[in-house]
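Noted in TrEMBL for the protein shown:
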- 19, 24, 63, 64, 69, 85, 90, 142, 143: S-adenosyl-L-methionine binding site (BINDING)
Ligand SMILES: C[S@@+](CC[C@H](N)C(=O)[O-])C[C@H]1O[C@@H](n2cnc3c(N)ncnc32)[C@H](O)[C@@H]1O
Ligand SMILES: O=S(=O)(c1ccc2c(c1)CN[C@@H](CF)C2)N1CCSCC1
């Protein structure tokens, strides 16, 4: 079995509820200070969209998983948001959230925080409904394919978002770089890419699944973006406090990148 096939096999045991528990619920998900990692991530995304430079008809989220926090500040700037994931179990979690099913994950702390830092006086229920209205497609994706969305992509997107995906699905640095090159085909020339990921992480848990992660440094991420032709507008890193290392992963830090695909030469 190829190493990429082995990654796909390992994801068959991925448990969305356990993943959400490990990473998006207290005590790890702490909003008590702007210096905590979750407020830091939301602020990175809010500030990127607040520039007014990132807008258009369609934004694609690559490897959405069972989460929507990464789309909260995007929804005012795009007509349509496309969520994607490799696993049907995750796409079903997202569909149930969009349909406001009773067993959905409570994203309200994230939505309230996004409204607060955006400072537009938007009510959180208003933003929640707005995002539900914009999330019109939830598609299968495989970033290891040259055409990650297969024949489902009618035209390249105006922007991409991707959070904790590429390094978590790539067995090594070359496949990480290839995956980035593959997803870049989903983006219009001149389009913007907001990428969040784990620094120097080698594994994470999601229920029975123990997933391997290719450890990447800041330099590795910048090199991969350079090889795919991107201009980096902003690169930030967050050093994980020791208290947040509780055994569900060995992440050392988190990176945020705002990059732009060159316009057609
Ligand atoms: C660590 S989770 C990230 C989820 C979410 N974006 C977040 O910020 O928490 C990685 C996601 O990548 C998805 N995935 C696994 N293999 C993939 C592949 N070949 N192509 C695209 N996504 C994949 C998994 O199903 C999972 O939802
Ligand atoms: O936002 S995080 O930095 C975060 C959020 C998600 C993930 C990681 C980290 C690291 N492992 C990833 C596996 F790919 C998933 N965070 C980690 C500390 S507690 C709150 C969640």
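Counting starts with 1 at the first residue shown.
Including glycine, each Cβ sits where the backbone N, Cα and C put it.
Comment: S-adenosyl-L-methionine site residues 19, 24, 63, 64, 69, 85, 90, 142, 143; largest CA to CA distance 24 Å, whole number. Look at residue 19 (S-adenosyl-L-methionine binding site): DSSP puts it in a helix.
If you draw a 10 Å sphere around the CB of residue 143 (S-adenosyl-L-methionine binding site), it holds 25 other CB atoms from the protein chains shown. Over all protein chains present, the Cβ of residue 19 (S-adenosyl-L-methionine binding site) has 22 other Cβ atoms lying within 10 Å. For ligand 1, the neighbouring binding-site residues among 69, 90, 143 are 90, 143, by Cβ distance under 6 Å.
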